[in-house]
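Asks: Okay, handing you the structure first.
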Amino acid sequence: MEVFYYLVFGTMTTVVAVLELSKTNKDRINTSSSFNSFKNNYLLVFSIMMAGDWLQGPYVYYLYSTYGFGKGDIGQLFIAGFGSSMLFGTIVGSLADKQGRKRACVTYCIVYILSCVTKHSPQYRVLMVGRILGGIATSLLFSAFESWLIAEHNKRNFEQQWLSLTFSKAVFLGNGLVAILSGLFGNLLVDTFSFGPVAPFDAAACFLAIGMAIILATWSENFGDPSDSKDLLTQFKVAAIAIASDEKIALLGAIQSLFEASMYTFVFLWTPALSPNDEEIPHGFVFATFMLASMLGSSLAARLMSRSSLRVENYMQIVFLVSAASLLLPITTSVLVTPSKVKDERLSLTSSIQLLGFCVFEACVGIFWPSIMKMRSQYIPEEARSTIMNFFRVPLNIFVCIVLYNVINLIGGDDFQNIGLSHELLLHDFHQNLKEKK
């Protein structure tokens, strides 16, 4: 593997370590012991939930292929997952406001465990049911837990600024460190212990069961609007009226959908961008580097949000501009440098520049997540929080389904298995490359 990959990975690791270890009192938020206990409990549960999600990612495509399914069938399974998240997930996620956020989080665990169980069957219909269940679980993961956290934080009368600390740590751990460790653990189960491609799903089910037990034992219930007079349709209308009547909520939804749309586009196409002539690239190692960049961004976000005088809306404008510039790099480099049509095993100058640009984008993603969480906590009304958050995901899931439907034609069917599909990203190569280095 190219030395450049190790250089970027090592540099990113050093920067993250320096950022975390060099925090001063100005960068830290003074909190109470009761809040720290509350925060640590949530971070433990959220990290376990994310581990259950990340463990499955690297082996979804591989498992389907071992059952003998082709790229077309596998593509339909992936589309079904996003479509389920858009249709059924929006309904189930919205029930959290009325039926309880804790109950919704427990439902996430149960539904995702059932999805893991379906992976033992080679029957296409059973696997399709698993993808539909997984789509529902994804909607709950990205709405119910955050809704419970915000409501519980406010119910306990903690300082509003302390929420940003929980948000940044959740992204740092859940979308960074846990992702990398999950990939290594999954690789250990499949390659080292030879338990087979279903083993990570069984491990994920165990993690989800442990997390569910902690939720049942330590979390209290909270609601949005528990009124018996509001059925689900009325609840949808209330959420729609809130979005239509408050420009800030509508704009927040547009901001979230547009940024996540660019993120998914990047996720689909970073592989062909770095290997235009089908060069071999260490997907898992590159992905681990991206996760480190995301951790770097979340660490920066923690420092930014700790300053009460600095509004999230102000620095996020810069983040969006930097993100756009970094994603323009493939276009800029292709204009300035004539792309080679010859397959070269060495990393080209163009690909090296693009890799650095993509790391910058991932750092922006790391800043985006805790920052958008803080903005949602400020602008979305409590009584319909989960419902509105799931409304925000509808246009995103439509976009993902459309792009995913056409992605094989865009980049060629042979590359489909190397594309990161949401969380279905290739992590196990990272551990494999480390072993080869030794």
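Placed from the backbone N, Cα and C atoms, the Cβ positions cover glycine too.
Just lifted these from TrEMBL, have a look:
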TRANSMEM  6-22  transmembrane segment
TRANSMEM  42-62  transmembrane segment
TRANSMEM  74-93  transmembrane segment
TRANSMEM  128-150  transmembrane segment
TRANSMEM  162-186  transmembrane segment
TRANSMEM  198-219  transmembrane segment
TRANSMEM  285-306  transmembrane segment
TRANSMEM  318-337  transmembrane segment
TRANSMEM  349-369  transmembrane segment
TRANSMEM  390-408  transmembrane segment
Asks: Any residues 6+ beyond the ends of the transmembrane segment (74-93) with a Cβ under 8 Å from its own?
Replies: 61, 64-65, 104, 107, 127-128, 131-140, 143-144, 232, 386-387, 389-391, 393-394, 397-398, 400-401, 404-405, 408, 416, 421-422, 424
Asks: Are there residues at least 6 beyond the ends of the transmembrane segment (318-337) whose Cβ is under 8 Å from a Cβ of it, and what are they?
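Replies: Same-chain residues near the transmembrane segment (318-337) but 6 or more away: 259, 262, 266, 273, 349-350, 353-354, 357-358, 360-361, 364-365, 367-368, 371.
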Asks: Are there three or more C-beta pairs under 8 angstroms joining the transmembrane segment (349-369) and the transmembrane segment (128-150), sequence spacing 6 or more?
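Replies: No, the transmembrane segment (128-150) and the transmembrane segment (349-369) are not in contact.
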Asks: Test of understanding: applying the rule of at least three C-beta pairs under 8 Å (pairs 6 or more apart in sequence), is the transmembrane segment (6-22) touching the transmembrane segment (42-62)?
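Replies: Checked: the transmembrane segment (42-62) vs the transmembrane segment (6-22), no contact.
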Asks: Residues of the same chain, at least six outside the transmembrane segment (285-306), with any C-beta under 8 angstroms of its C-beta?
Replies: 1, 5, 8-9, 12-13, 15-16, 19-20, 23, 26-29, 161, 164-165, 167-169, 171-172, 175-177, 179-180, 183, 270, 274, 312, 315, 355, 358-360, 362-371, 374, 420, 425-427, 429-430, 433
